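Below is one structure, written out as structure tokens, with a few remarks after it.
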């Protein structure tokens, strides 16, 4: 038996995968494979391996199979020199001479390039070699041993160590163990690469930004950030990626595949790492800690984003408006604001969104899903971050402080929005009307005014709302829920803002000042109503009588006079009222409630006006007196009216007959005589009247009352 034994070559330690086998490996296994191939090649160079004899490698690159053949060493006057030939299988006959250094660079480049630059499943071309398939799916090259008794062949190895190494592939044995974490490896080179993680060793440095890496493959992947290279393209949408693993994850978006399920809540994820990070929400584990402030996070990516808060680093800048961002994804989402692009569409209603997260949030509006529950009050939330913010309400924690006034806030976004009140900045502009807003959320809500969009419907009465909080407040009218209680008087309210306005009644605070007359109000709503006195603005007109009002609510109350509608009913006596405030005042007759107390004697009154009249007796205030006939008048407003009666001044003139009046109301009633207008109609006999008072007197005829 004759054995052909040659010097150790790269093929003796090479492990070759087919393209199908490579597809079964995950990202970590592929990286390990490339690092092992590089390590073996370096070891050969370190022991003085200078020639490849007749070894052949096949590389899969850009849909071409490259076959690299090492030519024999040629001697010349210039000394030893290695020449190689690169031959394309699909283009036979094309040759190119390469130096030894170029061979090394080519191998190193192809072995460590990302997943698409992988070794092909073609066999070594040396006659007498054949592959052996192992249980792990590895294809290992054996050298054949020629028998002296015929043409038969059987596998043999150059030495015992190679045979032992080969046997480990069949048995699945991993004889090299890491002392730090106990992880096992088949190759000593793989163990050495792994140990760099524990030692913190980073041998490979980026020339552009100086960032260091423990593996050369990680460096090459990182360099694509600077070059912008994205060699992995999605067949479905054409989107490019710098890593094959990112492309594989992206493919699942098109297929809808979510193989990783949470056992706690059943939520599914595309990637295993996403599931692991999600599970920490249930366990409360936060292994990633900030060295600056000690804050902990459940994911490394969240820690990295947080670290930029301390450094104030915002490396990604928008070319259109020069705004900077900490993350590239945030920059990409921001650019869509300028382009108007909304690539993520809701299948239910067709609404478009800039980022996928907004689409996920919107989907929960249709499904009603709220998986995160507060242990304190039982309230449910769609997102864990919203639950975290809500829990600060119970704990009272306000970690975000305004540098101008020191005010604390539950969330960072609230603090940013508040700081714009100091600067006056309103960066979010409406394209339709040009109105500016401090928050994007406010702009989104405002734009629904132009579109008329009302996504949120009340299940009780079918009324629609443009915002979910508005629907929530409306539903409390049906349920009667009033969760906000005043600690001073015990009065309850449906909205927190109503409670704040009410509390100013006790404190006497009036922070909203009129710029015209300096009068103060405890709510902005009351200030807005007052300012229409100065402007004279009355945009809401009654179609029945033409009377104008400054507010829609005032018009609604007025229209009930024409229709006779009295929707507010007293449960005690059945009497009905046109306004809710009238009902509340009336109910005090039955309850005996007297909330208005006299500061002098402590006497209680049902109405503020009666208390004011009573207090004048203590102060012995001289009542207002009519100068014409000496009649005492209690109210100041009545005094002004009385003075106009006796004065010659009648500023309101009728254009038809020239008759003058001291009040606009009297002129309006008089003009109905000329127009023949009778807007007040009796429902019993259809008789019409020009004044409401005349109608009320007439209705007494039907009920049998004597005025």
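The first residue you see is number 1, and the count goes up from there.
Each Cβ is built from the backbone N, Cα and C atoms, and glycine gets one as well.
What Swiss-Prot lists as domain 'KRAB' is 8-78, and the listing cites sequence analysis.
Look at Swiss-Prot and you will find 204-226 (among others) tagged as zinc finger. In terms of DSSP secondary structure, the zinc finger (204-226) contains 11 helix, 4 strand, 8 coil.
As annotated by Swiss-Prot, zinc finger applies to 232-254 (among others).
For the zinc finger (288-310), the residues of the chain that approach it from at least six positions outside its boundaries are 277, 280-281, 326-327, judged by C-beta separation under 8 angstroms. For 288-310 (among others), the entry in Swiss-Prot reads zinc finger, with the evidence type sequence analysis.
Residues of the same chain lying 6 or more positions beyond the ends of the zinc finger (316-338) and with a Cβ under 8 Å from any Cβ of it are 305, 308, 354-355. What Swiss-Prot records for 316-338 (among others) is zinc finger.
Per Swiss-Prot, the feature zinc finger maps to 344-366 (among others). Note on the zinc finger (344-366): residues 329, 333, 336-337, 382-383, 455-456, 468 of its chain, located 6 or more positions outside it, place their CB under 8 angstroms from a CB of the stretch.
The annotation zinc finger is assigned in Swiss-Prot to 372-394 (among others) on the grounds of sequence analysis. Only residues 6 or more beyond the boundaries of the zinc finger (372-394), in the same chain, are considered here, and those with a CB under 8 A from a CB of the stretch are 281, 361, 364, 410-411.
Taking Cβ pairs closer than 8 Å, the zinc finger (400-422) reaches residues 389, 392-393, 438-439 in its own chain, all 6 or more past its ends. Residues or ranges marked as zinc finger by Swiss-Prot on the basis of sequence analysis: 400-422 (among others).
Residues belonging to the zinc finger (456-478) score a mean pLDDT of 84 in the model. What Swiss-Prot lists as zinc finger is 456-478 (among others).
The number of other Cβ atoms within 10 Å of the Cβ belonging to residue 473 (SUMO2 cross-link), over all protein chains shown, comes to 16. Positions annotated as SUMO2 cross-link by Swiss-Prot, on the basis of a large-scale study or a structure entry: 473 (among others).
The feature zinc finger is assigned by Swiss-Prot to 484-506 (among others), with sequence analysis given as support. The DSSP breakdown of the zinc finger (484-506) into helical (H, G, I), extended (E, B) and coil residues amounts to 11 helix, 4 strand, 8 coil.
What Swiss-Prot records for 512-534 (among others) is zinc finger.
Per Swiss-Prot, the feature SUMO2 cross-link maps to 625 (among others); the stated evidence is a large-scale study or a structure entry.
The zinc finger annotation in Swiss-Prot covers 652-674 (among others) and rests on sequence analysis.
Residues 561-562, 564, 669, 672-673 of the same chain, all 6+ positions outside the zinc finger (680-702), place their C-beta atoms under 8 angstroms from a C-beta of that stretch. The zinc finger annotation in Swiss-Prot covers 680-702 (among others).
Counting only same-chain residues 6+ beyond the ends of the zinc finger (456-478), those with a CB under 8 A from a CB of the stretch are 365, 445, 448-449, 494-495.
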